[in-house]
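Participant: According to TrEMBL, the protein carries these features:
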- C80: active site, nucleophile (ACT_SITE)
- H168: active site (ACT_SITE)
- E170: active site (ACT_SITE)
- 195-386: domain 'GMPS ATP-PPase' (DOMAIN)
- S222, G223, G224, V225, D226, S227, T228: ATP binding site (BINDING)
Amino acid sequence: MQHDKVLILDFGSQYTQLIARRVRELNIYSEIHPFNKIPSNIEEYKAVILSGSPFSVRGDQALHPDLSQIRGKKPMLAVCYGAQYLAHFSGGEVAPSNTREYGRANLSFIQKGEPFFAYIKKGSQVWMSHSDTIKHLPKNGILLASTHDVENAAYKIEGEPTYAIQFHPEVYHSTDGKQLLENFLVGIAGLLQDWTPDSFVEETVDAIKEKVGNDKVVLGLSGGVDSTVAAVLLNKAIGKNLYCIFVNNGLLRKNEFQNVLNQYEGMGLNVKGVDASKRFLDALAGIEDPELKRKAIGNAFIEVFDDEAHKIEDVKWLAQGTIYPDVIESVSATGGPSATIKSHHNVGGLPDFMKLKIVEPLRAIFKDEVRRVGATLGIDPELLGRHPFPGPGLGIRILGDITAEKVRILQEVDAIFINGLKEWGLYDKVWQAGAMLLPVNSVGVMGDERTYEKCVALRAVESTDGMTADWVNLPYEFLQKTSNDIINKVKGVNRVVYDISSKPPATIEWE
Ligand code: XMP
């Protein structure tokens, strides 16, 4: 089935992905493409949105899209840079703004009876973020809305389905932003709202069947949301021809290997658990440098996975849990800010010598959509709500060299912390939490004895994508109880600290 779809042309704004997500929340399928790579099947897109940009239309670095196949021919919404671009190059005027045009503003004027602003009232809050402003509208421009400081906040072009706004409807602070997008996409452009998790599951299962046929597929499960949802989708499509491998690298959380394996088996997946803890720990012995540790873990993973994949006779495909943000980052207009996140991808670096074709059933969807799809597939909500956990596991939370004893200590500490968060109803309020084992011994007293033992740091952060994060203000009573439990129950630890650094300048993992 073909869905109505929206083309979002990316001029490098930090909010471009948000536009796509907001459109998807309206159950309309959207795709992001760089502003200078208009897809050759442009006729298949029913509407176009131009994103904002870090550049100025007046500067040397201004980005120039070729809109000849779009403008006047399809409904087009130009946001921020897009709105300024239309004005600047079509007979209007853009100039640096005199007043600050960042943050909250309210619509002080809305053109009466204008379908673009249906259900939106004067006073509605919008989010501005620009240093240029539109002084004069382009030729045939009709003013649609203003704020106190920005007269030309929204306009349309007479005789064309072309709309432009200087504020950002995609951010949550624009309280009627979603309504505005709906007015444009449904009311004006006439798109159907038929992109739902159910339809996604149905179509993806069909597409996998067609692509893979009767071939065998191998997939590395991590216990995380993406690989699990990918596996369940594939399982629905090809059943026993899907061979899942779940590797115990010895750096998982306490009891994680067995628990997750049981869960997978309960879900009917054809999964093989491979306990390679010793192989990983041997490979890590004596290594202190964080990057070298990552390399050792990555290489050991590839070896184990490759060994196992070779045992599956005649396997042709490798399935991966790649999601849409990974895809967009690699084609982003300006290179994208997330180069470092990419290198994190633990299964992404499988070597070419495996000679497998790649199938990526989640390539088109965002993380929040992966969860919705997972729910539709009947996956346990607890599994879908799990905090992210890094591929190299506790290996990047043990500073200095890694030994079996240190892993045991950290597993105990981590379990007390995470179970505590659950018991206190705090787990879902935190984006990610974990403990770090520091290469520091300090003096303590226990009973009448002097101790000289390890220090652990607890870390709990709030974030949306891990790119930026802030520490969570956990209740003192919780921290007090957790610290007490850890020191009393975990032999080898006599000191607990709580990390109150944000990212940036710190990172989430200590490595
Ligand atoms: P940092 O420490 O860079 O972490 O602030 C950002 C987010 O990325 C996760 N992370 C990883 N995830 N494989 C992964 O799958 C990795 O190698 C990896 N390294 C870091 C980290 O847990 C946090 O959520």
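Here, residue 1 is simply the first one shown, and the rest follow in order.
Every residue, even glycine, has its Cβ placed from backbone N, Cα and C.
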Participant: How far is it from S222 (ATP binding site) to E170 (active site), counting Cα to Cα, in Å?
Facilitator: 32
Participant: Expressed to the nearest Å, what is the distance separating S227 (ATP binding site) and E170 (active site) at their Cα atoms?
Facilitator: 28
Participant: Among C80, V225, the recorded positions in question, whose Cβ has the most other Cβ atoms within 10 Å in this structure?
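Facilitator: The residue with the most neighbouring Cβ atoms within 10 Å is C80.
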Participant: Using a 10 Å cut-off between Cα atoms, which of these recorded positions sit near the residue listed as 'active site, nucleophile': H168, G223, G224?
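Facilitator: Checking each Cα against the residue listed as 'active site, nucleophile', the hits are H168.
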Participant: What residues, ordered by sequence, lie under 8 A Cβ-to-Cβ from T228 (ATP binding site) and sit at least six positions away in the same chain?
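Facilitator: Spatial neighbours, sequence-distant, of T228 (ATP binding site): L221, Y264, G374, I379, L383.
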Participant: Distance between G223 (ATP binding site) and E170 (active site) at the Cα atoms, whole Å?
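Facilitator: Rounded to the nearest whole number, the Cα-Cα distance is 32 Å.
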Participant: Does H168 (active site) have same-chain partners at least 6 apart in sequence with Cβ under 8 Å from its own Cβ, and which are they?
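Facilitator: Expected: Y15, G52, V79, C80, V126, W127, M128, S129, S174, G177.
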Participant: Compute the C-alpha separation of V225 (ATP binding site) from E170 (active site), stating it in Å without decimals.
Facilitator: 26
